[in-house]
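Participant: Annotations for this protein, taken from TrEMBL, read as follows:
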- 1-23: signal peptide (SIGNAL)
- C83-C355: disulfide bond (DISULFID)
- 442-793: domain 'Ionotropic glutamate receptor C-terminal' (DOMAIN)
- T525, R530, D742: L-glutamate binding site (BINDING)
- 567-587: transmembrane segment (TRANSMEM)
- 636-658: transmembrane segment (TRANSMEM)
- I665: site 'Crucial to convey clamshell closure to channel opening' (SITE)
- R692: site 'Interaction with the cone snail toxin Con-ikot-ikot' (SITE)
Amino acid sequence: MEVFPLLLVLSVWWSRTWDLANADSIIHIGAIFDESAKKDDEVFRTAVGDLNQNEEILQTEKITFSVTFVDGSNPFQAVQEACELMNQGILALVSSIGCTSAGSLQSLADAMHIPHLFIQRSTAGTPRSGCGLTRSNRNDDYTLSVRPPVYLNDVILRVVTEYAWQKFIIFYDSEYDIRGIQEFLDKVSQQGMDVALQKVENNINKMITTLFDTLRIEELNRYRDTLRRAILVMNPATAKSFISEVVETNLVAFDCHWIIINEEINDVDVQELVRRSIGRLTIIRQTFPVPQNISQRCFRGNHRISSTLCDPKDPFAQNMEISNLYIYDTVLLLANAFHKKLEDRKWHSMASLSCIRKNSKPWQGGRSMLETIKKGGVSGLTGELEFGENGGNPNVHFEILGTNYGEELGRGIRKLGCWNPVTGLNGSLTDKKLENNMRGVVLRVVTVLEEPFVMVSENVLGKPKKYQGFSIDVLDALSNYLGFNYEIYVAPDHKYGSPQEDGTWNGLVGELVFKRADIGISALTITPDRENVVDFTTRYMDYSVGVLLRRAEKTVDMFACLAPFDLSLWACIAGTVLLVGLLVYLLNWLNPPRLQMGSMTSTTLYNSMWFVYGSFVQQGGEVPYTTLATRMMMGAWWLFALIVISSYTANLAAFLTITRIESSIQSLQDLSKQTDIPYGTVLDSAVYEHVRMKGMNPFERDSMYSQMWRMINRSNGSENNVLESQAGIQKVKYGNYAFVWDAAVLEYVAINDPDCSFYTIGNTVADRGYGIALQHGSPYRDVFSQRILELQQ
């Protein structure tokens, strides 16, 4: 804890020692650094050392300096130290501090006519906000801003416009002054963009945990939607931690696109940010020109830069901040200005100035020195350093880097374009949707076994199960077309999913909500409740509700030949045979016929009965009775027999060739009106919820659903409902029960039942459909839906 104050004491002591050793030098500059800017001091001393070794610039003269450290948030201390430096006699003042003290130093430099080269620095690498220094065209403005103005508003607006974003969220860290992007917020608001702001706390893990504890599932999904497009305005360390947390907690999907903007992002930060992120990443940072010739990287004209600063492989150079680079170039610029003054022999000696005295006069040579500095320019580590009429450095270049959409760790990043305030954007930025090529992507698929949609086709011990079915065919078609692979598993509780009392979901839908699976597929219907927590593709098959019933049992009847006529009709026919036989006997007895020679027929009652019966079944021989009355009666009898036999033959043929299933239940309306056969469905399923919502809706015109709900909801649903569809099918087969379920599933069961013991009735109107469920905000929804439409065609 005592190391840093000790370093400050040593550096001040070293500075004083340097001053005493070079008391005869005519070049003396002062430097004020923020007490946290240790590296600024190191680079400053390195720059002075490099220039003192370069005899071509200052010839025999040497630069001496005095360095002091201040609390950047204490303007009084900064002014006090600056006065102390001016009292020692300085030609220029270099400061690397924040905006809080910059205004006070500006006022002091203007009053004392000391050229003040201000290098704005931000706290802990957080993006800069404009300092708002008062600028005027008068001659009393002695402060020069070495770092270019803050162009973050312009760069972000152009990039967001190119990407055609309409809704996004801006995250900023606790050290950033949000007023720095007020101009950007005003412009996007005028363009109708929907922008949200959120501050990222220092304890990011606690912040994310609080979100999960306070937001409901629906609110959390809406928050995830917001995170699909985000801008991060924060220091690189906070950005890395924040990205890691949201990725590990599954708050972002593979189609998210985040923009990170910060001037202070080096190559190491870029690689680390890309490694930790998923989806697409765009990085905007300030960049500086690098000589193509490797041997010339450490040379700027006639000046050689220390290799620790210009060698990209040097650890010190890799971790330098932008303010460090500008400090080096500032010293180089001052050295060239001093060289110009020495050449022109217009040197003004240093004067010891006092800030305390009211009648103290400013430095007489300040204006001449300021003009020489402003007219000069150097090529250094930051490129061209020069000043415009307003005392600012206009030279700034931003580099725009980006990745493609994806989830691969360590995926490549490439340069997308660049931006500068003169020419604007150079490059093309497009926010393309996820392309059809999904090769290399492995999706985790959750399912529920349901014939004929998903069935186990092969189950070998020690090997993954293989599945088949209509839904699997759809999944395989998508896999073949898009190029992805998948791993499939069954939902642990074998349920499709329903909301619980605590607001969470179980079953297949719960696996998607908790991000344990990428997609869910089975006989899964698209419902409003499910769409609140997951996304669905377009329907790949229509859905309707059906009823599974058991067929009436068939029995072998030995008297099936009697079935065409009722028993009463058979009794009437038998009575008619007896009556007609008796009448024939009486007629022949009263008027005996003349028998031919050799005839043995007698007119007994038995023979009369047999004759009438034989003629009825069309087996009689020659008529033995020749009386007119008998012949007339027999003619009428034969006509009657012809009609009866013909009717019997026709009905018998129809009865033996056509089996009619006579049931009183032929539709859902018939099922709802009867109470002899109890019926139900799977508890808490989509069918259960559908009947419940319809049955409890007072505005529902059809009373069928209210009648069905009363039956299904007996004993709070426990009496007539089952936990799984297979249990409902078995209950129909071995009991007096009707099972209400998906019509497609029931038809498959009825067709493939080995005993042919089922038949189905259903609703021909398809009010919903089967779809593939995905995580909320999944990038695959549109791609899958488009391919399903093509398959349907």
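Start at 1 and count along the chain as shown; that gives each residue its number.
Placement of Cβ uses the backbone N, Cα and C atoms for every residue, glycine included.
Where the annotation comes from TrEMBL, it is an automatic prediction and has not been curated.
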Participant: At its widest, how many Å does the recorded L-glutamate site span between Cα atoms of T525, R530, D742?
Facilitator: 17
Participant: Same-chain residues six or more away whose CB lies under 8 A from the CB of T525 (L-glutamate binding site)?
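Facilitator: Set apart from T525 (L-glutamate binding site) by at least 6 residues yet with Cβ under 8 Å, we have Y543, A686, D742, R768, G769, Y770, G771.
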Participant: Select one residue from C83, C355, I665: among these recorded positions, choose the one with the most other Cβ atoms within 10 Å of its Cβ.
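Facilitator: The residue with the densest Cβ neighbourhood is I665.
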Participant: Taking only the Cα atoms, work out how far C355 (disulfide bond) lies from R530 (L-glutamate binding site), in Å, as a whole number.
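Facilitator: It is 74 Å, counting Cα to Cα.
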Participant: Fewest other CB within 10 angstroms, which one of the recorded positions R530, R692?
Facilitator: R692
Participant: Same chain, not part of T525, R530, D742: whose C-beta falls within 8 angstroms of the C-beta centre of the L-glutamate site? Give them in sequence order.
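Facilitator: Leaving out the recorded residues gives Y496, A523, L524, I526, T527, Y543, S685, A686, V687, R768, Y770.
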Participant: Relative to the Cα of R530 (L-glutamate binding site), which of the recorded positions C83, I665, R692 has the closest Cα?
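Facilitator: Of the recorded positions C83, I665, R692, R692 has its Cα closest to that of R530 (L-glutamate binding site).
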Participant: What's the CA to CA span in angstrom from I665 (site 'Crucial to convey clamshell closure to channel opening') over to R692 (site 'Interaction with the cone snail toxin Con-ikot-ikot')?
Facilitator: 22
Participant: Mean pLDDT, the domain 'Ionotropic glutamate receptor C-terminal' (442-793)?
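Facilitator: That stretch averages a pLDDT of 82.
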